[in-house]
Amino acid sequence: MEPLREIRNRLLNGWQLSKMHTFEVAARHQSFALAAEELSLSPSAVSHRINQLEEELGIQLFVRSHRKVELTHEGKRVYWALKSSLDTLNQEILDIKNQELSGTLTLYSRPSIAQCWLVPALGDFTRRYPSISLTVLTGNDNVNLQRAGIDLAIYFDDAPSAQLTHHFLMDEEILPVCSPEYAQRHALTNTVINLCHCTLLHDRQAWSNDSGTDEWHSWAQHYAVNLPTSSGIGFDRSDLAVIAAMNHIGVAMGRKRLVQKRLASGELVAPFGDMTVKCHQHYYITTLPGRQWPKIEAFIIWLREQVKTTS
């Protein structure tokens, strides 16, 4: 049996830790040449460091052949243990940095929410938190937050993922909207009689399981209005349907939260008054579990303040 002193001498020390970095790069690439390129060393220098590490640890880490190197069984164990330790260390460093109200914050939102509600208000957030650098991404898919590097997402739906932490943001109502000119041309003011002769503008992806006409169908059913809800023009974003309505193309089913500024400015009108339908869906915020970072919490609090000021 080896003396205890000899075994202890083979445990990691400061000098060996620097060589472990060389080992990690070589193991990741399965190549001394590629490791040398990444580390700005010569292949022979990489090979020398690995040889020294193997000798000091008393473990053969690589099997060398003429054209390639491969990890031994023991080398694989060391590599995965090292990788796990580095990942844990990197996460701890990231968590420490994110305890401050600074750094980057990446947001993901449905395009219509971002364009009509979120982005116009962001100036207030950046004035309050100038040390937080924001990135806003948009899309209609429910993305993998961790894989996409997203800190916080805003969705409009009725089924938050059970794997994520979610926070209610605000509810929503829908109502028909069009341009003043279109309402006058089709005699829509305060009567739905002529609506059946109008072009209906649809958000085909209003929520995850939307059939493509659900908004118009639910409104027509609620008010017992006979409409050809399957006809009209479809868009993959609510704001595009609204833009089409502003350009006198037809009548869109507007989300009240997203169209209220245009109703107030007169760019749009609600020809049938306050004939709204409360949505089963709502706006909610999702984050990864355990991400109670101050900058994320600050943004969620700010979002809720915006809801109060725009209600």
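Count begins at 1; order follows the chain as displayed.
Placed from the backbone N, Cα and C atoms, the Cβ positions cover glycine too.
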(message) Which range is it, out of 32-51, 112-131, 292-311, that shows up in Swiss-Prot as DNA-binding region?
(response) 32-51
(request) Mind tallying the domain 'HTH lysR-type' (15-72) by DSSP state, helix then strand then coil? (result) 38 helix, 6 strand, 14 coil
